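Scroll down for the structure; my scribbles are underneath it.
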Ligand SMILES: Cc1cc2nc3c(=O)[nH]c(=O)nc-3n(C[C@H](O)[C@H](O)[C@H](O)COP(=O)(O)O)c2cc1C
């Protein structure tokens, strides 16, 4: 059996030359997301979100990107969860899109804001009914005595909402991470990777630079 700790892949099919990167990092991100999807990357919209708790300690977890536009990167969650409480107290956020199979990653840093309630309502309404009920049943990130208790809550809620639409829970909704930094990383041979970083200047313009690998 191969040792997973000593595997060593030499990346490098694709260069990321200066002319390969669009001037608008959001357009560049969309392009890479489409490439990841075309290359059958599993859940290409999965991103690792890092937050900072009130005591200054970081935590990370995966969430799914649900929209991307000039404002930023949008995802949905429970506002009372560990990440929700952290972001409401301290909006600093970092994202990693880990597209290992195509030797790419995108790193985003920025500030997360709750989205308008109407937008969360709109998205919640598109979710499968089971997920809507689960959003009511789960006090995300809180301890629970057993799985059975959670499933019992789901059964009770199915009866409660029988025959009517499931409303969005008050503490469930979206955040948008408004980026100030976006880095495109392309794995290259002999660890001489390409890194192109965009930083938003005070004027709002994006400035780009190449970073050493
Ligand atoms: C592939 C994947 C996608 C996920 N997507 C979401 C999501 O969009 N929103 C969410 O709240 N949790 C999502 N989760 C669960 C989170 O990783 C996490 O367990 C949960 O949100 C609680 O995080 P917290 O306790 O740090 O707040 C996802 C997990 C995985 C593995």
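Counting begins at 1 with the first residue displayed.
From the backbone N, Cα and C atoms, a Cβ is placed for every residue, glycine too.
TrEMBL annotations: computationally assigned, not manually curated.
Among 30, 61, 66, only 66 appears in TrEMBL as part of the substrate site alongside 123, 127, 131, 191, 192, 193. The DSSP breakdown of the domain 'Pyridoxine 5'-phosphate oxidase dimerisation C-terminal' (172-213), given as helix, strand and coil counts, is 3 helix, 28 strand, 11 coil. Neighbour counts were taken as the number of other C-beta atoms within 10 angstroms of each residue's C-beta; across the binding-site residues 63, 192, the minimum falls on 192. Per the record's binding annotation for FMN, residues 61, 62, 63, 64, 65, 66, 76, 77, 83, 105, 140, 141, 185, 195 show a top Cα-Cα distance of 36 Å.
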